[in-house]
Each structure stands twice: as C-alpha cells, then as structure tokens.
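Q: Mind looking over this structure? Questions follow.
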Amino acid sequence: MDSGWGFLIGLLGAVWLLSSGHGEQQSPETAAQRCFCQVNLKRPCPFWNDISQCGRRDCAVKPCQSDEVPDGIKSASYKYSEEANNLIEECEQAERLGAVDESLSEETQKAVLQWTKHDDSSDNFCEADDIQSPDAEYVDLLLNPERYTGYKGPDAWKIWNVIYEENCFKPQTIKRPLNPLASGQGKSEENTFYSWLEGLCVEKRAFYRLISGLHASINVHLSARYLLQETWLEKKWGHNITEFQQRFDGILTEGEGPRRLKNLYFLYLIELRALSKVLPFFERPDFQLFTGNKIQDEENKMLLLEILHEIKSFPLHFDENSFFAGDKKEAHKLKEDFRLHFRNISRIMDCVGCFKCRLWGKLQTQGLGTALKILFSEKLIANMPESGPSYEFHLTRQEIVSLFNAFGRISTSVKELENFRNLLQSIH
C-alpha cells in the first residue's frame, strides 16, 4: 500500500476520538464524553406508509439519558464557545431594529422565521433533523455501533432501489446491474447501463459514484461486523468472508463488485478534499469544540487541526474544479438539481425500518452532504472574517459531528478492505 494511503488510514484512531463513535478500543470512561450525536429517529417516512419495522433487538438504538449529555452540549447545541456565544449575542443585539421587530405581528414573525430557515438551507445538501424537536435524542455511538442487524430482504432493498431508480438521474428504461428487485438481469443490461452512465455529464456520473460508494462502504461495515455466533451468554461479531465475497467478488458479482469498491475510494477522496478545504473554518480563534470542559476542548481542537493539516498535505485529493464549470445558467440549474436530489436521499433515510440502520444511514448521508456543502463553498470559506461570527459560511454542531463520523466510517471501510484482503489470502 502506498505510504500516503497508509498514513491517512493511520489517522483513524484520532478521528475516532474526535467523532466519538468508532472503534471499540480504549473508549472514554463516561457517557458524558461520548453523547454528542443528536438525531431524530421518529420522523415519519415522507414517501410511503408501509414501513415494516425491524423487531430484532440488534435493530434498536439506546439513547443517552439527560444526565449523560455534557452541559455544554445541552446549553449550546450549535455554538462553540462561551466567548463566541457572547460575541454573537452582542452583534445580534446591536443590529436588531427593536422598533420594527416590536411592530411585527406574530404571523409575520413566523413567516420571517421560515424565510430565515429557507435561506439557511439554500446551500445545504441534506434535510437536517430539527434538533429542537421533542423527539430528537442524544446517542452514544459507541454503544450503538454500525454492524449487521438482520435487516435485509425486500424492505431493505426497497430503500436502495428508490435511491438509485428515482434519485440518480436514471431513466426507468435503463436497468441497473444486479438489481435484486428486477428480473432478467444479464450482460446486455450491464452494457446498456454503463454505456448510459458514461454518456452523462461529469457531475451526474460523480453523483452516481458517490451513492454507489456510500452503499459499498455500508456493505463493507456489515460484512466486517457480522453476527457470526449467538448463544444465551454472548454474541460473537466478526468478519464474514462469504458475505463480503457475495457483495464484492469480481466473479460472483460478474464484475460489479470491483466497480463498487472503486466508487468507495472515489467517495473517500471526495471527503478528504472537503476536509482539506474546510480547515480555515476550524482554524479561526473563535471556533471551539465546546462541551463545557475547557481543557479537553482545547486538546480536541489541537488534535482536530493536526488531523486536518495532515489531510491537507496529502497530494492525491479529488479536483472538483471541473464541476459546474460550463454555462453559468445551466451550471446553476445543474448544481441545484444535484443538491435537491441529494436532499431527497437524506429524506429517504427516514424510511429505513431498522432504527440502528436509520441512525447510521442518516449520519453518513448528512456527513457526505456536509462534505458537498464544503466543496461548493470555497469562495465563502475564503471570505470568512478572521474573528467574530461567520454568517456567509457556517457549520452547525450537527454537521460537524456527521462530517467526521462519516469520514471515520469511510476510512474504516478502506482499512477493512485490507483486512479482508489478508483474510482471503490466508485461505487460498
């Protein structure tokens, strides 16, 4: 393996510590050091009503108790330091036109709030959970690891089928290779599909590859954390080589598996690129990973910046400058289509019948959406003030948590590919 790749994979331990959700070794002593992920798993599916809920125990998610959530997180869910909070409040108070605000009717104030929310979401690639909802809960990701839960079959296939068939710019006449919900699959369908794909513009091809890469990454996780044995006393989780081969072996998948793995690496490069570009946002003095523990917050920020600087030094990032580079009007429309398609996929995650799968699906989808938001906000990031609030470009705590957890998951997939390669070599 190239030394650059090996080095980045070696960053996993640090990323895991920051994102509070990956790996099982040397976990923090208290839940208060891990309950950072806030998610609403009770949002109704916006597309269909016939959701079959997974009744297996492994599908359940255990939320944090209120006393386990750090005070700094509960009191400031989207701010990062007491100093920043005070500064923002002072600026907002100085700019507020009190006489005008007091004259607004309640109905008008609600309308203004909706406009503000619309403006805030205009550059977002995901439909984020309402963290103010009474259904939103904090989750300790270490206690709810992503692994095989038994959620499979038509209900699970339906989710991915809707994503691919209705949200990847694909016409119904083009059949996807190895689609479990379609009959009559064969080489002709594969040739037709990839001929169609190669005929798309670079942005739409990239969109499909990102979704395929995310799908592949999730399948790697499930194959690496598979339920191998279950007794009354314990459960044994580990690498299921047969499951991995069924999903990725070149012969068993008729050449489709290696394509999926290439798309996984493509996704990895996209997320690396986003992390390198967002470095200035985290370098700002006012930014703090605010949990209420000042010493730990400062150490975490130093560790975060160290990781981001190392990522920035990696020479093989994806170059997105060719995206949306044609006619301005057409490019703007294409970018908006790109964004809306991805937002739709983030909404589909609320239709997943397994709550643990829904948790990790939402988290990784939003992480990728945050990476895309960063990639296409280069000018806004470059124009951020050195201090004080950044109104043009901002990441919520929810976006930050999902961004690093998603990168941690993709990095874990890359590492697991090496593990599977060694296991396969040992049995041949």
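Here the Cβ of each residue, glycine as well, is placed from N, Cα and C on the backbone.
Where the annotation comes from TrEMBL, it is an automatic prediction and has not been curated.
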Q: Please name the cysteine among Cys45, Cys54 that TrEMBL pairs with Cys59 through a disulfide bond.
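A: Checking TrEMBL: disulfide partner of Cys59 resolves to Cys54.
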Q: From the candidates Cys201, Cys357, select the one that TrEMBL records as forming a disulfide bond with Cys354.
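A: Matching partner in the record: Cys357.
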Q: By the count of other Cβ atoms within 10 Å, pick out the sparsest of the recorded positions Cys54, Cys59, Cys354, Cys357.
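A: Sparsest of the recorded positions Cys54, Cys59, Cys354, Cys357 by Cβ contacts within 10 Å: Cys59.
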Q: For the C-alpha pair, I'd like the distance in angstrom between Trp160 (FAD binding site) and Cys54 (disulfide bond), rounded off.
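A: That comes out at 17 Å between the alpha carbons.
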Q: Using a 10 Å radius around its CB, how many other CB atoms surround Arg147 (FAD binding site)?
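A: The Cβ of Arg147 (FAD binding site) has 18 Cβ neighbours within 10 Å.
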Q: Rounded to whole angstrom, what's the largest C-alpha distance between any two of Arg147, Thr149, Trp160, Ser212, His215, Arg247, listed as binding FAD?
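A: Between the most distant Cα atoms of the FAD site, 21 Å.
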Q: Within 10 Å of Cys354 (active site, nucleophile) (Cα-Cα), which of the recorded positions Cys54, Cys59, Arg147, Thr149, His215?
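A: Matched recorded positions: Cys54, Cys59, Thr149, sequence order.
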Q: Which binding-site residues (Thr149, Ser212, Arg247) fall within 10 Å of Cys357 (active site) by Cα distance?
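A: Cα filter at 10 Å returns Thr149.
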